[in-house]
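These come from TrEMBL:
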type	residues	note
BINDING	A:L9, A:D84, A:S112, A:I113, A:L163, A:H251	S-adenosyl-L-methionine binding site
DOMAIN	A:1-178	domain 'Tetrapyrrole methylase'
There are 2 protein chains.
Amino acid sequence: MLYVIGLGLGDARDITVKGLEIIKRCELVYLESYTSILTCGKEEMEKLYGKEITVADRDFVEQEADIMLNNAETKEVAFLVVGDPFSATTHTDLILRAKERGIKFQIIHNASIMNAVGSCGLQLYHYGETISIPFWTDSWKPDSFYEKIYANRQHGLHTLCLLDIKVKEPTLESMTKKKKEYMPPKFMSVSEAADQLLQIVEKKKSEGIQEIAFDENSIFVGLARIGHESQKIIACSLAEMKNFDLGPPLHSLVLPANNLHELEKDYLQQFSEKPL
Amino acid sequence: MLYVIGLGLGDARDITVKGLEIIKRCELVYLESYTSILTCGKEEMEKLYGKEITVADRDFVEQEADIMLNNAETKEVAFLVVGDPFSATTHTDLILRAKERGIKFQIIHNASIMNAVGSCGLQLYHYGETISIPFWTDSWKPDSFYEKIYANRQHGLHTLCLLDIKVKEPTLESMTKKKKEYMPPKFMSVSEAADQLLQIVEKKKSEGIQEIAFDENSIFVGLARIGHESQKIIACSLAEMKNFDLGPPLHSLVLPANNLHELEKDYLQQFSEKPL
């Protein structure tokens, strides 16, 4: 039996009572650690659960997941996922593989950024398509997500921007070697995201495009560590966001619709130093 | 101090460990009961929490919430919400009122249909604007949500359709009386929603509109009691959905995008009797 258990967003105690009960009776407990992170360490979780946890990193999910599924054929196995189990494609794929092999599974839901972004007061049913902003390199600066932001703005919708995470990425030098070496983990900040968005604005302007989805004066909402006690939300212009430090990861960015409902505006105001 | 605590979607044990700890030390516990329902009764919750629960219905939120906020000025008060605290506008409003009165508050997140809809395998970041389908009457058949579905389809996005809930609605006869009488609670089923959507298709056809967002053959996904053990998901045509009984509430409906990713299609297939 495979239990895929959402951990929520904050610390170890954001697991549900049901999820905790299940972990306590499982023989094997794995923690997925490459699509997201909790703000607490593995040790804190092991203490609460009374179980040893095996960290499942990128290599694991891509290569060793079959071993976990083999175990789930005869044992009670828990696979812990930050946020909700369906927040990442890799988990959907894992569940499908379990199903194809005839392994029974149960999903335990929890909060994820996809619904906890409601914390900034913008109503969830007024969001359009969610976009992801990847880390740019000197030679690779993809901006196809811009068109999605543009479409959302056209329809009077908010846009949630998920910011890139690089965990356990092999170094370029070790790619061809047998023993991989890994880069330190990287989490995009709202400041870095704002910098890239400003570059897109400049590019559009230099191309003579008149109607741009947003510019340096557009109000964005920066969110950090949502669901954790140290959570921070700021509403300011894109230019200001570039110079703003929201502290440790994870960060997300929201571009509100042009026209906000009265309640949305009132709620958002508390996160801004200037009148919105 | 006011704690607004998400209960998740299934039963009493879907509360988080943190949420439960907070309830156990609160002096007063209210349960919001008119924007959604849990699949368990108040008694089951009271047993787990070891606390008496006051049910806060529509009248409460509209009229008596101030009394709760008065209490929160001096006492530890928990306000329990099915799903996530930011899933309904009324809760955002309540939090804002607490803040304006200088009452400290803490939000405890949980799963809501807005992220748990991921259960059907359609990726959350491919959803467009969420729509709400209201109960029609003989003389009132609003269909403005159709344009939003149309826009989502145009952009290759899925649409989550939230289905209407009528809890503690006064009867027409008692509206002017001092002592209100209430209609039995009503929860829209996927079958009722499909029936209304089919009527919209007929109307568009009779108006000679060529390009309709969906028709009776379009595949819809019906979801019932997501997050609960008795959860059911079905993928079938709109015409078939009209005759399908998914059992007790709550129900939701999803209209998938025209073009599905391979993994989305593979995952959805398990809920369909026919090849998608």
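Placed from the backbone N, Cα and C atoms, the Cβ positions cover glycine too.
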Neighbour count (Cβ, 10 Å) for A:I113 (S-adenosyl-L-methionine binding site): 24
Reduced DSSP assignment, A:I113 (S-adenosyl-L-methionine binding site): helix
Filtered A:L9, A:D84, A:S112, A:L163, A:H251 - binding-site residues with C-beta under 8 A from chain B: A:L9, A:D84, A:S112
Overall pLDDT for the domain 'Tetrapyrrole methylase' (A:1-178), taken as the rounded mean: 92
Under 8 Å by Cβ from A:H251 (S-adenosyl-L-methionine binding site), counting only residues of that chain that are 6 or more apart: A:L163, A:F187, A:M188, A:S189, A:V190, A:A193, A:G222, A:L223, A:A224
Among the S-adenosyl-L-methionine-binding set A:L9, A:D84, A:S112, A:I113, A:L163, A:H251, as the record gives it, the longest Cα-Cα distance in Å: 17
CB contacts for A:S112 (S-adenosyl-L-methionine binding site) [other CB atoms within 10 A, all chains]: 32
Sparsest-packed among the binding-site residues, when each Cβ's other Cβ atoms within 10 Å are tallied, from A:L9, A:L163: A:L163
Per DSSP, three-state class assigned to A:L9 (S-adenosyl-L-methionine binding site): coil
A:D84 (S-adenosyl-L-methionine binding site): tally of other CB atoms within 10 A of its CB: 32
